[in-house]
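Working notes, beginning with the structure itself.
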Ligand SMILES: Nc1ncnc2c1ncn2[C@@H]1O[C@H](COP(=O)(O)OP(=O)(O)OP(=O)(O)O)[C@@H](O)[C@H]1O
C-alpha cells in the first residue's frame, strides 16, 4: 500500500510557521511531493536561506508525517530545504495601520456622508485619520469639508514629489475633485479613474496614520478591483438604507469583498437613514425606508451592525455647508458617529487580533 498525496498534505497542514497563524501548505512552502512505497520526500521552500525556522520546521514536518500518516514512513533525510530569493516590493502606505473601504451597493444611500462624519468622529476620538475620495464619478468629499477650492501642493519627501493632502477638522484628505472639474471626471474611462485612485494612494504624503478611509463609488467596479490590488485593505464597511432595493445591492457588495479572489473581511454594516424624528416630536420615530432592514440583513449574514444613523436635517445641512455634523460632538448626530467610531475601533482590533493581515490581490495578466 502506498500513501496518498492528500494524506501527506493533510498532515503538513498541521505544521504552523512560527509566529504566524499560517501553516506551511497555506504558505506554499511544500513542493514536489514524491511517494515511493514507504518513502516520502518533498522540497521545503523558504524565502531566505538563513531562515532561523529551517531546523525546527524540518523536525516538525517529520513528526507530523510519522504521527498522522504512518509511524513507519521513511521521511527522515528526505526533506530538501530550498531557498527562494524574492525581491520585496516596496510597501504602499507603510505607516498606515488600517485601511478601511467604505462601500455601498446602491447610490445615494449616504456613503460619503457616513465616510466623512466617521472620519471626523475617529479624529475627535484621538486617531490620526486620512480620507480618500475614490468616488471618482461623483466626488463629494470636497463639498462636505468646504474644500472645493483646495488645490494640494507637491512636497518633496526623501527626494520624491508627493501630494500634500488637504486637512480639515483633523482629517487629511485627497479627492479627485481637487484636481479636475468633477463634471470632467464623470466622462473618464475606467483606466483613467483607476490611475487617479492609485496616484492618490501611492503619491499622497499620508505619513503615519491609524486609519485611512476609502470612500468608494456605489456598486462594484474597476475602482474596487484597483483598490484591493493596490493596498492590503484591512476591512470593509457597507452602508445601506433599510430599504429592500438598497439591501439587495448591499448583499452584492458584501459578496464581492468576501469572495475568494478578494478576501477582504467585512467589518460591519451601517444603517443610514434608519428613521426620522421631527424636532417638535422628539419621542417619535418614523421609519421612512422601513424598519431595521439593515439590522436584520446583518444578523442573517453574521455581520456586525456597527451603527444606525437617523435622518437628521443637520446631517444634510452639514454636508452642504462644508462642516460635517459630527464636528458637534454633543449633538445627537455627533454622539451617533462617536458611537460608530468606537464600534469600528473595536471591530478593527478584534479583526487584527484574530486574523493575519489582508494580502493585496495579485494582478494576473
Ligand atoms: N442620515 C442622513 N440624514 C440626512 N441627510 C442625509 C443623511 N445621509 C445622507 N444624507 C444626504 O443624502 C444625500 C446623499 O448622500 P451621499 O452623497 O453621502 O450619498 P452617497 O451614497 O455617497 O451617494 P453617491 O451614490 O453619489 O456616492 C446628501 O445630500 C446627504 O447630505
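Backbone N, Cα and C atoms are what each Cβ position is placed from, and that goes for glycine too.
Quick look at what TrEMBL lists:
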- 105, 106, 107, 108, 109, 110, 111, 112: ATP binding site (BINDING)
- 6-67: domain 'MIP18 family-like' (DOMAIN)
Which of 108, 110, the listed binding-site residues, has fewest other Cβ atoms within 10 Å: 108
Near-site residues: ATP, ref 105, 106, 107, 108, 109, 110, 111, 112, CB cutoff 8 A to centroid: 104, 218, 239, 240, 241, 246, 272
Intrachain C-beta neighbours of residue 112 (ATP binding site), sequence separation six or more, cut-off 8 angstroms: 133, 135, 140, 141, 144, 215, 319
Count of other CB atoms lying within 10 Å of the CB belonging to residue 105 (ATP binding site): 23
The domain 'MIP18 family-like' (6-67) - residue tally per DSSP class, helix then strand then coil: 21 helix, 17 strand, 24 coil
Nonlocal residues around residue 111 (ATP binding site), in sequence order (Cβ under 8 Å, 6 or more apart): 102, 103, 104, 135, 215, 216, 218, 239, 272
Candidate with the highest Cβ count within 10 Å, taken from the binding-site residues 106, 107, 109: 109
Per DSSP, three-state class assigned to residue 108 (ATP binding site): coil
